[in-house]
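Asks: Here it is: the structure, laid out below.
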Amino acid sequence: MAEVLPLQNDDQQAKQAPAETSATSSQPTAAATTKKSLPKGIVLGPDGKPCRSCNSFRDFFSATSGGAAPPTAPTEAASNCPPDVEQLGRAGWTLLHTIAASYPSEANPAQQEDMKNFMSIFARIYPCWSCAEDFRTWMSKPENDVRNVVQGRKTFGKWLCDAHNDVNVKLGKKPFDCFKWEERWRTGGKGC
Ligand SMILES: Cc1cc2nc3c(=O)[nH]c(=O)nc-3n(C[C@H](O)[C@H](O)[C@H](O)COP(=O)(O)OP(=O)(O)OC[C@H]3O[C@@H](n4cnc5c(N)ncnc54)[C@H](O)[C@@H]3O)c2cc1C
């Protein structure tokens, strides 16, 4: 499993993307030269530079500005910047769960095929490469095989909830109650 480690963890080196991991880049790595000058724990991209979508805004800023603190509160400062790992993640999960919410209760063979392909492509091109790597590892386990859940909304939605919980737990967050998945993403609770 790929680990995205906080910068303050002094025991960890910067994490380098494998050269061929990113589907969007064929640049050779420059890790050997860049790694030494970077804070430990930062996730690097395939070009050997800090990966913006793999790190928090604060970590990315501090890694690319010689250790200076972000000028304002990270969320404020980042609102007009390319997304960091958290913004991208919230948007990514919103898209995935909302796709699940609009998936038919009984999908036909063509819809099932589309969903299998979509998830497999998503897991390859998700811009946080270290997140994508872990997601592919999770998907490759026999019990998480997406082919077994695309028959309809309930099974697919639950599968996504489990996938999201795997990341929640990895990041030290509380798992979400998957019985509430549909209320959160499809029907809406009181006040929605
Ligand atoms: C495929 C993928 C892999 C990721 N991997 C990593 C990683 O390896 N490292 C990393 O730092 N970040 C990763 N992220 C981002 C991370 O999961 C969060 O999105 C980010 O940390 C922001 O978290 P958040 O607490 O704001 O809420 P999020 O986790 O983004 O959740 C958004 C909302 O979804 C709801 N929710 C929470 N859990 C579930 C669930 N299980 N099922 C349904 N709804 C739920 C809640 O209402 C929550 O407010 C990944 C994102 C994606 C899409």
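The backbone N, Cα and C atoms fix where each Cβ goes, and this holds for glycine too.
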Asks: When TrEMBL marks a stretch as region 'Disordered', which of 1-45, 136-180 is it?
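Replies: Result: 1-45 is the stretch TrEMBL calls region 'Disordered'.
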Asks: Helix, strand, coil: count each for the residues of the domain 'ERV/ALR sulfhydryl oxidase' (81-185), based on DSSP.
Replies: 77 helix, 0 strand, 28 coil
